[in-house]
C-alpha cells in the first residue's frame, strides 16, 4: 500500500508488513533520493516522520506491524518508553552534496586529530612551551578532539546515504557530551583571554600571577563548568515529554532542535530555564573576553614602540580569531528563541562550529607562532639523530 502526502514535492512510503520494510521516496532539494528502512525491531513505529519539505510537512505515522492488515493513525503523541527513537534526517535532503560533505568532514576530523595531537605532544616534550598559554592550549586541544569525536562518527555514517535512528538514551547521551565539551570550550576561551590580558598588561608580574596552581584550578573549573551546564540542561530536557513526530532535520541531537519537539504542557517554563542557562554559559564568558580585550587595547594604546604593538598582536591575534569563529556560530545557534530556530539553516551552522572550527584551531594557533615552529623543528631534529 502507498501512503502519499502531496505538497510542493512528493513524499511517499510503501509499507510491506510481511517483510517489515518501509520504503521512502522524496524529491529533496537537489534530486530524488530513496530511503529503505528495513529490519524493524519493534511491532510499532510510533510517530515516524517522512521527510517531505523538512519538518514543516512531515507525515506522522503509527504503523502496527501485522502479517495480515496494517493499521495507522496520525495523532502526535508523547512517549517516555525505552523504545522511543529519533529519526535524524542529516543532509539527506541534499543527496548530491553528501559525498562532498563526507570528504570535507573526514578531512576536518583527521586534521583535528593530528593537529591537536601534535600540539599536545610539542607542549609536553618541549620545556620552552611549559607556560600557562600552552597549558591552556593543551586543554583546548583535548576539548576540541572530544567535541568533534562526539559528533563526527554518526555524521559520517549518515552521510553514507542512510538516515540515522537513535534511541532516546543515545540521543540524550550525545546531547550531554556535546553540551559538556562545548560549554567547557566557552569557559576555557574566556580563561585564555584573561591569560592573554595578564601577559600584555602586566608582563613583569605575569609569572607570579599565572602560577601553576592557579592554572590547574582554572582549567579544572572549565571542565566542571561545562559538565554542570550540560547535566542541568540535559536533565531539564529529559524530564519533558517529547511529542511525535520525533524527527529532526539535523545531523546531531542538538538542544534547539530537540526543544521544538517538547510537548506544550509546561513547555514555556522549561524553555525559559534552559535559555537562562545558555545565556549564562555564553554571555558571561563573552563579557570576560570583552573586558580582557578592552584592557589589552588600553595597554597597547599606551605603547610607544612598534615592536610592542607587533608582540601584542601576535599574542592575542590567534586567540581572538578562534573566539570569533566559535562564538559567532554558537551564539547564532543557542541564543535565539526556540520557535524561530530553523533546523535547515541551523545544521549548516552547527557543522561549522562542531567540525570546521576544531580543525582550524591548531592551524590558527601555530601558523604564525615562532615558538611552536621552533619546538617542531627541534623535535624533528631529535628524531633524525642516530
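In case you wondered, yes, glycine gets a Cβ from its N, Cα and C as well.
Residue ranges 275-296, 341-362, 363-384 are listed, and TrEMBL annotates 275-296 among them as transmembrane segment. Here TrEMBL gives transmembrane segment for one range in the set 236-255, 316-335: that range is 316-335. Given the ranges 58-76, 77-95, 134-152, the record in TrEMBL names 134-152 as transmembrane segment.
Across 134-152, 172-194, 316-335, stretch 172-194 shows the highest tally of CB pairs under 8 A with the transmembrane segment (275-296).
For the transmembrane segment (100-122), the residues of the chain that approach it from at least six positions outside its boundaries are 91, 94, 129, 137-138, 141-142, 144-145, 148, 152, 155-156, 159-160, 351, 355-356, 358-359, 361-363, 365-366, 372, 375-376, 379, judged by C-beta separation under 8 angstroms.
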